[in-house]
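K.L.:
Have a look at this one.
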Amino acid sequence: MGALCSSETYMLDKEEYKKQVEHNKSIENDLEKDRKIKILKLLILGPGESGKSTTIKQIKIIHDEGYSAEEKMVRKHGIYMNILEGIEEIHLSVGRENKSYKNPLSFDHINEVRMFTENFKKADDSEKLLGPEVINAIQKYIKDETIAMMLRDKTVYNIDDSTIYFLENFSRIIQKDYLPTEEDILKSRVPTSGVIQYKIMLKNFNFRIFDVGGQRAQRRKWLHVFDDVQAVLFITSLSEYDQVLREDATVNRMKESLNLFEKICNGRYFLNTAMILFLNKIDLFKIKIKHTNITVALTSYKGPQECDSALDYIRKRFISLNKNKKRSIYEHVTCATDTEQIQVVIDSVIDVVIQHTMQKVGIQ
């Protein structure tokens with residue numbers, strides 16, 4: 001009996017040992033999978049001024065703690081600069097469009113703004129305030145009948161939407177106790193130079209979100225560094241089909257965006273990467289399509305000059321550039337400054353990145 005009991009005990013111990021080994025192996029596998037997905041990397045790409053930085057701001061507002069009073073104070077100086085640069089852009093548009101000022105003093109007002117801008121750039125942050133002279137010059141300048149007309153027809157003259165917004169809110173912004181709202185920050189523009197990294201915890205995963213400068217030289221310099229990202233979020237502006245690049249006035253922005261998307265989508269660095277497409281600035285596109293056909297950039301378009309048909313054509317043009325038919329392109333039509341709408345879209349993007357990563361490491 002003793003020998004029998006000993007044999008049974010041995011068999012039980014052996015089975016338990018095997019189970020324990022398998023259990024330990026399972027834990028090790030889980031830990032290895034956890035290690036592989038410990039940090040999820042999302043790379044945001046697209047041409048300059050397409051809405052990449054705005055999307056990251058939205059993620060910070062929706063999923064993080066937003067902006068502190070100190071951060072808002074820093075952003076205030078950038079908003080002042082946006083206004084000053086916006087006035088200069090309007091002045092340049094007057095010349096490009098062969099328009100004339102109705103008020104002869106408008107030249108004096110623009111010169112006042114220009115001189116102030118040069119000093120503003122050199123000043124310390126503590127001194128970066130809009131003084132009464134430049135405030136008066138801006139207020140009188142935008143009352144010129146030619147300028148007022150151009151501001152009303154902003155999409156015809158391609159005046160930046162943020163410039164319109166800040167001028168509409170100018171009386172609030174020039175108050176001494178002014179502190180930017182979240183909407184002000186979303187509308188503000190700060191060109192991305194190099195790579196901006198943003199760290200955030202989303203749905204119990206550590207995310208690293210990278211915003212690469214949209215200008216050509218910036219992209220060429222950094223793209224090869226990101227061959228291990230889980231997903232690429234490509235953002236293009238729907239409304240800039242009749243505009244040219246800031247860095248090259250011979251290149252149409254929509255054509256540049258299509259060419260860039262094709263290179264990213266089929267490039268060797270991102271063959272196994274989830275690809276997400278934001279067709280951004282739909283709000284401005286709906287306005288512009290009423291007076292300017294997309295044929296100025298996409299000559300093969302034969303459909304009607306209306307939003308739905310033109311949008312569908314642009315969408316199909318982008319999707320057709322994907323040569324990897326096993327990979328789906330997750331597409332969204334967006335307005336990056338609309339927090340309520342973009343919240344739903346960003347949640348979808350986060351889910352795509354997580355699911356794609358888990359599938360790659362064998363969890364699903």
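Placed from the backbone N, Cα and C atoms, the Cβ positions cover glycine too.
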K.L.:
Can you check which of 276-283, 348-355 Swiss-Prot lists as region 'G4 motif'?
P.N.:
276-283
K.L.:
With Swiss-Prot as the source, which of 67-76, 137-146, 207-216 is set down as region 'G3 motif'?
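P.N.:
That would be 207-216, per the region 'G3 motif' entry in Swiss-Prot.
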K.L.:
Of 41-54, 97-110, which range does Swiss-Prot call region 'G1 motif'?
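P.N.:
The listed stretch tagged region 'G1 motif' in Swiss-Prot is 41-54.
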K.L.:
Do you know which of 58-66, 157-165, 184-192 Swiss-Prot annotates as region 'G2 motif'?
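P.N.:
Range annotated as region 'G2 motif' by Swiss-Prot: 184-192.
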K.L.:
Name the residue range among 4-9, 16-21, 178-183, 334-339 that Swiss-Prot annotates as region 'G5 motif'.
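P.N.:
From Swiss-Prot, the annotated region 'G5 motif' range turns out to be 334-339.
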K.L.:
Express the distance between the Cα positions of Ser53 (Mg(2+) binding site) and Val190 (GTP binding site) as a whole number of Å.
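P.N.:
Their Cα atoms are separated by 8 Å.
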K.L.:
What is the one among the binding-site residues Ser50, Ser53, Thr192 whose Cβ has the most other Cβ atoms less than or equal to 10 Å away?
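P.N.:
Highest number of other Cβ atoms within 10 Å: Ser50.
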K.L.:
Could you give me the DSSP helix, strand and coil counts for the region 'G2 motif' (184-192)?
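P.N.:
Counting residues per DSSP class in the region 'G2 motif' (184-192), I get 4 helix, 0 strand, 5 coil.
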K.L.:
Between the Cα atoms of Thr192 (Mg(2+) binding site) and Val212 (GTP binding site), what distance do you get, rounded to the nearest Å?
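P.N.:
One finds 7 Å between the Cα atoms of these residues.
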K.L.:
Taking DSSP three-state, what's Ala336 (GTP binding site) in: helix, strand or coil?
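P.N.:
For Ala336 (GTP binding site) - judged by DSSP and reduced to three states - the answer is coil.
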K.L.:
For Gly46 (GTP binding site), which of the three DSSP-derived states applies: helix, strand, or coil?
P.N.:
coil
K.L.:
I'd like to know the mean pLDDT over the region 'G4 motif' (276-283).
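P.N.:
Mean per-residue confidence for the region 'G4 motif' (276-283): 97 out of 100.
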